[in-house]
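Trainee: Annotations per TrEMBL:
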- 20-300: domain 'Sugar phosphate transporter' (DOMAIN)
- 12-32: transmembrane segment (TRANSMEM)
- 83-104: transmembrane segment (TRANSMEM)
- 110-129: transmembrane segment (TRANSMEM)
- 136-153: transmembrane segment (TRANSMEM)
- 195-212: transmembrane segment (TRANSMEM)
- 232-251: transmembrane segment (TRANSMEM)
Amino acid sequence: MELSTYGEEGAVYAMAYAVAYLLVATVLILANKHLITETSFNCPVFVSSLGSWFGWGVAAAAIKLDPKRMSHRLSAREWTANILPIGFCTALSLAAANVAYSYLSLSFIQMLKAFAPVVCYFTLVAFGLDRWSGRIIATLSVVMIGCFIAAWGEAHVTMFGLACMLTAEIAEAFRSVGIQYLISNKKFSLFNGMYYFSPATLVFLMALSLIFEREELFRTENIATFTRYWYLFFICATFGFAVNYVCLGVVKHAGSLMVKTMSQLKNVAVIGAAMFLYGDEVSVTEIVGYAVATAGFVAFNHAKALDNITVREHLAERRATLG
């Protein structure tokens, strides 16, 4: 398996997808939070499936209208071996993160997400999609210290909520690695990826929803909730699809670690919105911890850029040697 590298020609596309991800992900988080905690529709796993349902429909329609969008076809065996595990990781990540909204404050959840690049980097290295770098590990150590300080300063932390977020971040790391490998090395198009990934995710999300939310999901009161807050369901579905699509775009043009970097900027926006809209209390210790983690992110981005330059130089030297 080769290291994933990204040339300068994709920089414009990478930036466009990254900015789009920042915007739509922020809106989606606020919509999910409001629908799960501020209405009577207490079915976080089902809510997390809305984007996958919408995305599958859009991808299927697009491929039906233009079959050329299907750049890579998979057999049932290939889908089961390559896509279904990614679907499981995606479902676990989405479900666990949405459940955490009921146990942790929105602002604290965003601070905990600062830990995601640490998990992602070590997972990428383990699968041969990145390489060990003392410089990068040093910067990620700063991120970890900042996250621990922020957790220490949270007044309303629960162990179950922390477990949900840790589960979500580990599952998301494995999902990102799998998607990066398939899109980069198997030459999947974005719609191709959505077409295959969405049903794999839905298999597990709907199973989890039926197991844990069946009674709540079919309550008559939820019909009234759907009628009253239909626009929130629509936003969660459309923006859930948009996040999945632009996330695939970022991974394709810049790599899965760039998704984590943009998520950091998104987290800052959501923390501010949580304090303003929901009155979340953020302690000085949390602010200090998050500032330390953010400084670690800045250093990490610089270290990662230097490492990418080194990798490209080594590849160029190897090609020159081989003629």
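In case you wondered, yes, glycine gets a Cβ from its N, Cα and C as well.
Because the structure is a prediction, the values reported are computed rather than measured.
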Trainee: Go through the chain and flag residues at least 6 beyond the ends of the transmembrane segment (232-251) whose CB is under 8 A from any CB in it; none is fine as an answer.
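Mentor: For the transmembrane segment (232-251), the far contacts come to 13-14, 17-18, 20-21, 24-25, 27-28, 31-32, 34-35, 39, 47-48, 50-55, 58, 176, 179-180, 183-184, 190, 193-194, 197-198, 226, 258-259, 262.
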Trainee: Among 12-32, 110-129, 136-153, 195-212, which stretch has the most Cβ pairs under 8 Å to the transmembrane segment (83-104)?
Mentor: 195-212
Trainee: Averaged over the domain 'Sugar phosphate transporter' (20-300), what pLDDT does the predicted model reach?
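Mentor: Mean pLDDT across the domain 'Sugar phosphate transporter' (20-300) comes out at 85.
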